[in-house]
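Asks: Annotations for this protein, taken from TrEMBL, read as follows:
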MOD_RES   Lys37  N6-(pyridoxal phosphate)lysine
BINDING   Arg128, Met292  substrate binding site
DOMAIN    223-342  domain 'Alanine racemase C-terminal'
Amino acid sequence: MDISAPLRLRVDRDALVANWQALDRLSGRAACGAAVKANGYGLGATLVAETLADAGCRDFFVASWAEALALAPLGLSLCVLHGLRQEDMAAAKAGVARPALSTPEQIARWRESGGGACDVMVDTGMNRLGVSVDAVAEGLLDGLEIDTLLSHLACADEDVPMNARQLAAFAGLKGRTTARRMSLANSAGIGLGEDYHFDLTRPGLALYGGVPRPDMAAHLRQVARPEAQILQRRQVPAGETVGYNATWTAPVETQVAIVNLGYADGYRRALSGLGVALLEGESLPVIGRVSMDLTAIDVSARPDLAEGDWLAMDYDLAQASTLSGVSQYELLTGLGQRFGRG
Ligand SMILES: *Cc1c(COP(=O)(O)O)cnc(C)c1O
């Protein structure tokens, strides 16, 4: 039996493609790839990768080998950003993806297994994953067949001196390895300008409608919209309260729709009393606490709405992030498993 879910995530494929095309243009001469880790930032990795591959995207980045295996049927060029554990060897040797080797141990493991095309992550100051610039200068990568040499920016969404320092450290490795390509910029890094683009950029957030730097907003469109079905419409008399801890009291008699969406679906509790549903340009406010599975909306302005109707939540990421204090990344990747997606 197939039961349709009472909540769905609308993924605007045209907007996704338009965002990739915009980021590709902004990347200048560099190719533009796509970070599709964390299930395509919550939108569905297969849907996203298929859509972008059709649009001409050629390089895809995931975090883990499990994520790479899930995309293997698509036959894409994949890079696993989190390197190569012993446990990953079989998948790597089967050619599912290229590992982004990030420690001397991983490099030794790859060489011992016979090597082949790989990527390498270099740490230029973030102190997260990657081999040191000094180790590369001293020959750690000599003889390795490197497709792409990667590094990652810690603060590309800010204008701080660290960006230029990381850029200089990475640029200093040009010509030092056999790497066919170099790649530094995430979404925000694309906005830092041409010097940061190298041969390949790897945006994630901006593909999905997140705005990493205000100056990029004009190029990007919203991609993800959560929608939920109304389970009950009720009339709340003046003076009565709605929801957990009775945080909202009806100032006047109010028409309330209870929709099938809550923080377990990624519609964050921080949007309590702040979020809105959007209907034909009209904003319908969220009232009271967002519950785990339910949210109350003031629908007094819309007598036509009834049990079974659908409401689309406003999910402009930059705006929702400012309102809720939750990062745009978390607003996307937290979108839950209960949505019908598409
Ligand atoms: C997640 C990630 C990206 C994409 O970053 P966004 O900020 O979402 O554009 C690129 N490179 C690496 C190494 C990452 O971990």
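Yeah, the Cβs are placed from backbone N, Cα and C, and that goes for glycine too.
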Asks: Just to verify: the residue among Lys37, Arg128 with the fewest other Cβ atoms within 10 Å, which of the recorded positions is it?
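Replies: Sparsest of the recorded positions Lys37, Arg128 by Cβ contacts within 10 Å: Arg128.
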Asks: Return the residues near Met292 (substrate binding site) by Cβ distance under 8 Å, restricted to its own chain and a separation of at least 6 in sequence.
Replies: Gly262, Tyr263, Ala264
Asks: Any idea what the Cα distance is from Arg128 (substrate binding site) over to Lys37 (N6-(pyridoxal phosphate)lysine), rounded to a whole Å?
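Replies: Each residue's Cα considered, Arg128 (substrate binding site) and Lys37 (N6-(pyridoxal phosphate)lysine) end up 17 Å apart.
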Asks: Over the domain 'Alanine racemase C-terminal' (223-342), what does the predicted model average in pLDDT?
Replies: 97
Asks: What three-state class does DSSP give Met292 (substrate binding site)?
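Replies: In the DSSP reduction, Met292 (substrate binding site) maps to coil.
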